[in-house]
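See below for the structure under consideration.
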Amino acid sequence: MREIISIHIGQAGIQVGNACWELYCLEHGIEPDGTMPSDTTVGVAHDAFNTFFSETGAGKHVPRAIFVDLEPTVIDEVRTGSYRQLFHPEQLISGKEDAANNFARGHYTVGKEIVDLCLDRVRKLADNCTGLQGFLVFNAVGGGTGSGLGSLLLERLSVDYGKKSKLGFTIYPSPQVSTAVVEPYNSVLSTHSLLEHTDVAVLLDNEAIYDICRRSLDIERPTYTNLNRLISQIISSLTTSLRFDGAINVDVTEFQTNLVPYPRIHFMLSSYAPVISAEKAYHEQLSVPEITNAVFEPSSMMAKCDPRHGKYMACCLMYRGDVVPKDVNAAVATIKTKRTVQFVDWCPTGFKCGINYQPPSVVPGGDLAKVQRAVCMISNNTAVAEVFSRIDHKFDLMYAKRAFVHWYVGEGMEEGEFSEAREDLAALEKDYEEVGAEGADDENDDGEDY
């Protein structure tokens, strides 16, 4: 088997995780208590969904996941929620005091105490796998736990499981909406280790997803539940081919191979279509060309950044439901003729497609309509640099005055780490600039020197 372990860190990671596991269970027909009426072979783990669920002798399906937070309130919601019987109690790890939006607390003081316990649990999950394929890591980089403990765990996973791929689903601070003053510090410090220790990172940002909910689903005031359900659809689409037997399957390592041209250039944009409410879906014909066009729309991007400002280096289209390769090829051919979707000159083809015949499921009583077919796109576009330059700018404004820095230094960090992380991000922005430059291979051959 090619198992995958999911790690959900901090409030954002846990709440997105909740939405994901709820959706996985619906897709596989697994009840909230872990039983699966349709699974006739009890205790035999040879089905495709066993990449994400392990099976006990009693026929209970347990997610291969751990939830970690430095304070108990969010995890207590999982412990008492409707899926409380699904998870093994040891998979829900919480500390007593939170990271207080402080990267240094999550990474050095408070996080250090809990990280060995987490790795211990990960080790147990890994021992339970026959051929561990990699990790999915869910966190936000604006807070303290997601950024600090998130980076710490990633660093330790690199040491313990060096060859296994790590995919991050990372929630970045939004341009306008902010939940903490020190977000820019936490994000810069955390991205510093995301650069080194993840193989692919998918950037999400709340504001972009709010806008999609408002515009496409007509939800006047979207809640985190609305956002997380939309995020979970994306993550579900990406992992469909790992959990179901499909037509054109896509492996986790395949994402890396097809999307990452240089090790550092691994921050992806994602989009999903059709995002449509039930009332509207009734009147619309959502054909393959239509949904394919929709995922390339700047307004469908799940991070606030305009792909028209950059160039595509690679792009992964994952279709699910009633889709045949002929339609996909036609739709992709149309996209290629469009002037709006520009590829870098050194990567002329740039499309990787996956098809899975399992139609998308929706959470009952949720916002999304039940549709026959859907597509999720993950793309590597040079415009992602906008996300970083935005955060860097805010970082610079605060750091010039050394505002709030004493909170970090007081938790055992050194001021040098700030400038080191900031320089790393400046280099990253430069890397993106060079990759998008025209005819890059002629003038400078130093692109491979990383």
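The backbone N, Cα and C atoms fix where each Cβ goes, and this holds for glycine too.
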Same-site residue for GTP (record: Swiss-Prot; known: Gln11, Gly144, Thr145, Thr179, Asn206, Asn228; options: Glu71, Glu290, Glu297): Glu71
Cβ-Cβ distance under 8 Å to Asn206 (GTP binding site), same chain, at least six residues away: Ile171, Ser174, Val177, Leu227
Among Gln11, Thr145, Thr179, Asn228, the one of these binding-site residues whose Cβ has the fewest neighbouring Cβ atoms within 10 Å: Thr179
Secondary structure at Gly144 (GTP binding site), reduced by DSSP to three states: coil
